[in-house]
Amino acid sequence: MEKLKKYVSVKDEDQFYHQGAVELLVFNFLLILTILTIWLFKNHRFRFLHETGGAMLYGLVMGLIIRYATKASDVESGTVYECEKLKSGPSTLLINITNQVYEYQYKREISHHNVNGHQGNAMLQKMTFDPSIFFNILLPPIIFHAGYSLKKRHFFRNLGSILTYAFLGTAISCIVIGLIMYGFVKAMVHIGQLKGGEFHFTDCLFFGSLMSATDPVTVLAIFHELHVDTDLYTLLFGESVLNDAVAIVLTYSISIYSPKENPNAFDAAAFFQSVGNFLGIFAGSFAMGSSYAVVTALISFIHLTKFTKLCEFPMLETGLFFLLSWSAFLSAEAAGLTGIVAVLFCGVTQAHYTYSNLSPDSKMRTKQLFEFMNFLAENVIFCYMGLALFTFQNHIFNPLFIFGAFVAVFVARACNIYPLTFLLNLGRKQKIPRNFQHMMMFSGLRGAIAFALAIRDTESQPKQMMFTTALLIVFFTVWVFGGGTTPMLTWLQIRLVLSLHEDLKAEAASQSASNLDKNTTKAESAWLFRIWYGFDHKY
């Protein structure tokens, strides 16, 4: 205790806060470098490395410097002291050390084999984010912006196809990845790289669900810049938006699947309970997000009319819009639902109803606000991915598992796109051509959602192996597939509208046709949308 007292001092407390400032400064410089790089890329029309790939590269270099250029702390942190009188972990711990009382807050439970990873370099410990930061702060603005910036006309025209890829496709991808990885896990057990009871089939399905979350942000940015065919853009964008929501709920449902006897055996009761949880959580989150959006729309409509004239104060109107949208996320989390799904459908519904009721200033402000928040949050996550390769202290690199994961991801993407497109084309008037299918197969990048789901739980060794592998797959797909988007578009001979004037002209003609004849738009749309359109238009 005397030795412990020697190190616990005001100087150590100041050092802790200084390290926090250094951590924020590191991310600040990384974002500045990323923004300058984006300007350089746009100025020179450089499309072989997207801004997210650049952010990851800068994070990688910074992580390398922090890992090997900073020395281990002399402070005796991470030492385990036995407390036999405590029967459970208290939320707040008061320790009396020679008449000086110190307060410690509960952070998380640590497995015995991870204790060494929390010792030594205090800087590395500070640079390891709490996973709740991703789900509660960084992901909500990204998901909300995806829903709020949705191009409704093209989205609903392809609604049936998008829902098929997002729900059925994600389920197929999860199962295929799970089965392939289970085969590789059995091989690893056979050659002695794993113990028999360490990795269960449910763990493989868990890995399959988190790796089924696609995030083609790099591809979509290039599509937008080159004005690629609108239907291809909409199919990819719509699939990725809904797919993220499905993957998050599916991952949670699999994590609570617990057979009573053998973890590798099929338990019908546990299976149907997980399916029920999936449907209940998804439906509840959808209802929660949509309800908040409808309430916001009603409030905006009342303020827009003769009652209160809040529209005369755009700052207050924008603030109310933001806080009500954020409330959808918080309410869903508080109710035990999924805030990410709630905030996604809140964004979609806000775009459809609330946006039209906002004042012109608030329309511009909300668009710019959420676009900026999306840009900042996305680049922070990709910077941190680069950092995490060196700052995360419990990586497990297993070549066979990594190779199996790459094979599984590509096979699962093929099993998702080609069979489902064949079935969809049987009922579609406007078929999805073969070159579009190849491009969709190529565009199945992994990104922020897969990373956030993987880092959420890294306590056990199988979860650490999954996290390391997921991180490598994100690196590979963003750099290789993201960088190869433009050559692939050329090779597949997909139509580009390189002239912005032509694109705007076509968009104006499309908008004019939509305004003149809504029945035509209705006829073009998916049958599911036609049912909803009739209800929405009437009521």
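Placement of Cβ uses the backbone N, Cα and C atoms for every residue, glycine included.
Residues annotated as transmembrane segment in TrEMBL: 20-41 (among others).
The domain 'Cation/H+ exchanger transmembrane' annotation in TrEMBL covers 33-491.
Per TrEMBL, the feature transmembrane segment maps to 53-70 (among others). Outside the transmembrane segment (53-70), and at least 6 residues removed from its termini, the chain residues within Cβ reach (under 8 Å) are 26, 30, 33-34, 37-38, 41, 121, 123-124, 127, 218, 379, 382-391, 474-475, 478-479, 482-483.
The transmembrane segment feature in TrEMBL is assigned to 133-150 (among others).
TrEMBL lists 162-185 (among others) with the feature transmembrane segment.
Among the features that TrEMBL reports, transmembrane segment is placed at 235-258 (among others).
Within the chain carrying the transmembrane segment (278-301), a Cβ under 8 angstroms from the stretch's Cβ atoms is held by residues 245-246, 249-250, 252-253, 317, 320-321, 324-325, 327-328, 331-332, 335, 337-350, 353-354, 357-358, all 6 or more beyond its ends. Feature annotation from TrEMBL assigns transmembrane segment to 278-301 (among others).
Same-chain neighbours of the transmembrane segment (335-355): 135-136, 139-140, 143-150, 152, 241-242, 244-245, 248-249, 252, 281-282, 284-286, 288-290, 292-294, 296-297, 300, 321, 325-326, 328-329, 363, 366, counting only residues six or more beyond its ends whose CB sits under 8 Å from a CB of the stretch. What TrEMBL records for 335-355 (among others) is transmembrane segment.
What TrEMBL records for 375-394 (among others) is transmembrane segment. Beyond the transmembrane segment (375-394), the same-chain residues lying 6 or more positions past its ends with a Cβ under 8 Å from any Cβ of the stretch are 27, 30-31, 34, 51-53, 55-64, 66-67, 114, 117-118, 124-125, 127-129, 134, 137-139, 141-142, 217, 447-448, 451-452, 455, 458, 464, 467, 471, 474-475, 478.
Within the chain carrying the transmembrane segment (400-424), a Cβ under 8 angstroms from the stretch's Cβ atoms is held by residues 160-161, 164-165, 168-170, 172-174, 176-177, 180-181, 183-185, 187-188, 193, 207-208, 211-212, 432, 437, 440-441, 444, 446, 465, 468-470, 472-473, 476, all 6 or more beyond its ends. Among the features that TrEMBL reports, transmembrane segment is placed at 400-424 (among others).
Positions annotated as transmembrane segment by TrEMBL: 436-455 (among others). Residues of the same chain lying 6 or more positions beyond the ends of the transmembrane segment (436-455) and with a Cβ under 8 Å from any Cβ of it are 52, 129, 131, 134-135, 138-139, 142, 209-211, 213-219, 229, 231-232, 235-236, 239, 244, 247-248, 251, 378, 381-382, 385, 388, 409, 413-414, 416-418, 421, 463, 466-467, 470-471, 473-474, 477-478, 481-482, 484-485, 488-489, 492, 494.
Listed by sequence, the residues of this chain that lie at least six past the ends of the transmembrane segment (467-492) yet keep a Cβ under 8 A from its Cβ atoms are 47-50, 52-53, 56, 207, 210-211, 218-219, 222-223, 226, 228, 382, 385, 388-389, 392, 395-398, 401-402, 405-406, 409, 435, 438-439, 442-447, 450-451, 454-455, 458. What TrEMBL records for 467-492 (among others) is transmembrane segment.
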Given the transmembrane segment (133-150), its same-chain partners at Cβ distance under 8 Å and 6+ residues beyond its ends are 237-238, 240-241, 244-245, 325-326, 329, 333, 339-340, 343-348, 350-351, 355, 366-367, 370-371, 373-374, 377-378, 380-381, 448-449, 451-452, 455-456
